[in-house]
Amino acid sequence: MNTQQRFALTPGEPAGIGPDLCLLLAREAQPVPLVAIASLALLAERAQQLGLAIELLEVGPEQWPDSPAAAGSLYVWDTPLAVPAHAGRLDPANAGYVLETLTRAGQGCLDGTFAAMITAPVHKGVINEAGIAFSGHTEFLAELTATEQVVMMLATRGLRVALVTTHLPLKDVAAAITAERLQRVTRILHADLQAKFGIAAPRILVCGLNPHAGEGGHLGREEIEIIEPTLERLRAEGMNLIGPLPADTLFTPKHLEHADAVLAMYHDQGLPVLKFKGFGAALNVTLGLPIIRTSVDHGTALDLAGSGNIDTGSLQVALETAYQMAAATSGKSQAAG
């Protein structure tokens, strides 16, 4: 790991637990320079509320750190709030602040200031209440980086699950499983497992759409007409794709033992298993971006903000994964050079 590579951390919704997570994390030293892109005033006030003695070290374009902060301290690129934020109380006036932190982090990753960005949860509803159309981090960063197609992947120790479709009603899923979509998603998953995770020849298990993967066409024909022919074309490109497999048996130790990732057809086919296996220690990764972005797998938890009664496990895993991805990417760049 290059201990001089800087990483950006965005705390998300200022009334949620994101600022708390940043401060609690700062109690221990990180192996790299980690920069919170946040309001200094917000972090100072929340630290006082939590009873934490964290030294906030202001940094920015004029002076970036090139070594990790000591335990009990946190680098902060000050990004002012529009109005004061209070734990647990949403205010649409600060929607612009949230998006500014994401923009600074994303642009910093594009221009090389940061090796990766790690995001704490935002509150989509309050941003939309401010009159700003916002459907989530993923779509915002895709637009910021001019990326046409991105893929959502959640991961925990020992399991990665990517999705062909994401937040769709179940009744719309089958129509959305097209050969074109499946090809795009699989290619992105395969390419990023190689480029950002350092896996030379990824082994990907692919779920069927229907029960028993269609039971030879008796329980649905999508496997026969769309999924299998598409996988055959992709195998001809050199991809190691296993499936389509019945989802109820795919997620067993025997199948997963040598798998680098699972490709699920829809949200609730793959994510319940992952969250059962690693809830509180799982993360979200956006694949297909020209930058590295990882995130926690939970929400803003407004009721817990300022209480100190929160678990940093998901954020810690998101950080560790970002560090590993940056190291893999840096290693490939150096080899190419």
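Backbone N, Cα and C define each Cβ position, glycine as well.
Features as listed in Swiss-Prot:
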- His137, Thr138, Lys275, Asn284, Arg293: substrate binding site (BINDING)
- His167, His212, His267: divalent metal cation binding site (BINDING)
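Comparing the binding-site residues His167, His267 by how many other C-beta atoms lie within 10 angstroms of each C-beta, the top residue is His267.
By the criterion of other Cβ atoms within 10 Å of the residue's own Cβ, the least surrounded of the binding-site residues His137, His212 is His212. Fewest Cβ neighbours within 10 Å among the binding-site residues Lys275, Arg293: that distinction goes to Lys275. The record assigns His137, Thr138, Lys275, Asn284, Arg293 to the substrate binding site, and the maximum Cα to Cα distance across that set is 20 Å. Comparing C-alpha positions, Lys275 (substrate binding site) sits nearest to His267 among the binding-site residues His167, His212, His267. Within the same chain, residues at least 6 positions away in sequence whose Cβ sits under 8 Å from that of Asn284 (substrate binding site) are Met152, Met153, Leu154, Thr294, Ser295, Val296, Asp297, Ala318.
There are 21 other Cβ atoms within 10 Å of the Cβ belonging to Thr138 (substrate binding site). For the recorded site, His167 (divalent metal cation binding site), the DSSP three-state label reads coil.
Reported as a whole number, the C-alpha separation between Arg293 (substrate binding site) and His267 (divalent metal cation binding site) equals 20 Å. It is 14 Å from the Cα atom of His137 (substrate binding site) to that of His167 (divalent metal cation binding site).
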